[in-house]
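What follows is a short report on a single structure.
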Amino acid sequence: MITMVGKSIRRWWALFALPTFAAFIIGFLLPFILGVYLSFCKFTTVTDARPVGLRNYRVALQDKEFWHAMGYTTAFTIVTTIIINVVAFAIAYMLTKAFKGTNVFRSVFFMPNLIGGIILGYVWLLLLNGVLAHWARSITYSSTYGFWGMVMLLCWQQIGYMMIIYVAGLQSLPTDVIEAAEVDGANGRQRLFNVIIPLMMPSITVCTFLTVTNGFKMYDQNLALTNGAPSNTSELVALNIYRTFYGRIGFEGVGQAKAVVFFIIVAVVALIQNRLTSSKEVQA
Amino acid sequence: MNDEKEIDASERVHHPWAWTVFFTILSLIWIYPIVLVFINSFKKKVYISKNAFSLPNKDSFAGWENYTTGIERTNLIGSFGWTVFITVGAVALILLCCSMCAWWIVRVNNWVAKLLYTLFLFNMIVPFQMVMFTLSKLADMLGLNTPWGLWIVYLGFGAGLAVFIFTGVVKGIPQELEESAMIDGASVPRIFFNIVVPIMRPSIISVAILETMWIWNDYLLPYLTLDLNKYKTMSIAVQYLKGGYGSVDMGAMMGCLVLAILPIIIFYLICQKYIVKGVIAGAVKG
């Protein structure tokens, strides 16, 4: 049923809803639809598109470098998601206890998150190459070096962000449940694993969701730190797609097809992951 | 150890001072990468790659040279100005338009409103790579390859999160207030700006923080969309320091990095409380 307020507001659509929706069409909807269409075409700009059926997808899926980037990104996402969430939770758990300086420590851990990916990439390039110089090597020595370099970088950047979310979650836990567990004789570890962690599942859902999507979509840090070197082996999917688009003339359609595949994977992973962790949520 | 008794049982820790020491050391390690960049920004470029961990001495000290060459090569001051211009304008536009749109969606609540809402939700899971080519070509065709054109592009691509958070807030506002104002003869825009906006204030600040963090640091969207001969953002300027053959003037780079990080740290120290609130509000979207 529509309310009185709703009725009068509806007439004001041109002022309230139209500006956002018009920008949304230009900035998202039209590019998205056009992008799906172009993935079935051969083109160099938007206007000279010519349908070629599934050819782009065939080329994209036969590209070994694309599959390598996929595997590399998946491994990267799994490793960073685990490290970031475990460390962020541990730090948050400690920093909600009573000792001097917890607020200062929280601020320090959060700070790297505000700095952009490109800037962070060069900060870590200095540090990692400085360390590796002792063995006369650099971050581009092999894709394994690049992998762990990017893992360190992303962990450093995101642990603080996830920590803030975990701190907020821990502070809003019902204290009576935890006290009841203590009265019943549960020790510290039992309280943590059997009471606190199950109650924290909403926060854990949010944080794993964010870390999984951030890991999958990472581009700036990859570009600044390794730029895919040596010979494209440290390429994450986002960089691989970019280079297919802009690195080789005539491969725009293949790039767009890769982007569609990438979008579907991100969407499916996000949905599955969300379903999985939210099914573990409990009510206090 | 005396004050430990006053603390709630579940909050108790053994040896609180030991934890303080532990986290102090960890914090120092945490900020070390930034300190290292700061130290190296005062060293001549040969000494940076030779030994990044040495302090500047008589031979390696470069004074402000890295900063001056860095600023000259990248036109860093100009790109700082454009980054501020783009971020402030885009965030202001997002706040205004998306809060209005969210209110309209919640109060009207017919099939159009529901469809709009679903589309905005969908926007949040689409990675930028999916639209980067078509979006940049479209922006080019429509003449949106300028800093003020980017305001519209950001409003479009960033609408999802803002509308999502704002609709969540509006759903919690009781309609009675708006109804009685309407009976008193207030116009719809007046009701929105005088009644709804003040109630939404905390969430507006949160969204402002989230969008600022995104747009200030964004690299690929402005890189592909902007006319780079005329305008660059800070991230683009820093990336441009890297020469075509992969060679980097590490001296100028260090100067630029410090100058890029400094405003963020100052901003953080001033708005810390709001930033933390913004992050927590944004996390609810899961």
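Glycine residues also receive a Cβ, built from the backbone N, Cα and C atoms like all the rest.
Predicted, not measured: the structure shown is a model, and the values here were computed from it.
Copied from TrEMBL, the annotated features are:
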TRANSMEM  B:17-39  transmembrane segment
DOMAIN    B:80-271  domain 'ABC transmembrane type-1'
TRANSMEM  B:82-106  transmembrane segment
TRANSMEM  B:115-136  transmembrane segment
TRANSMEM  B:148-170  transmembrane segment
TRANSMEM  B:191-216  transmembrane segment
TRANSMEM  B:250-270  transmembrane segment
Most Cβ pairs under 8 Å to the transmembrane segment (B:148-170), of B:17-39, B:82-106, B:115-136, B:191-216, B:250-270, goes to B:82-106
With the greatest number of Cβ pairs under 8 Å to the transmembrane segment (B:82-106), the stretch among B:17-39, B:115-136, B:191-216, B:250-270 is B:191-216
Same-chain residues at least 6 beyond the ends of the transmembrane segment (B:17-39) with CB under 8 Å of its CB atoms are 52-53, 55-56, 254, 257-258, 261
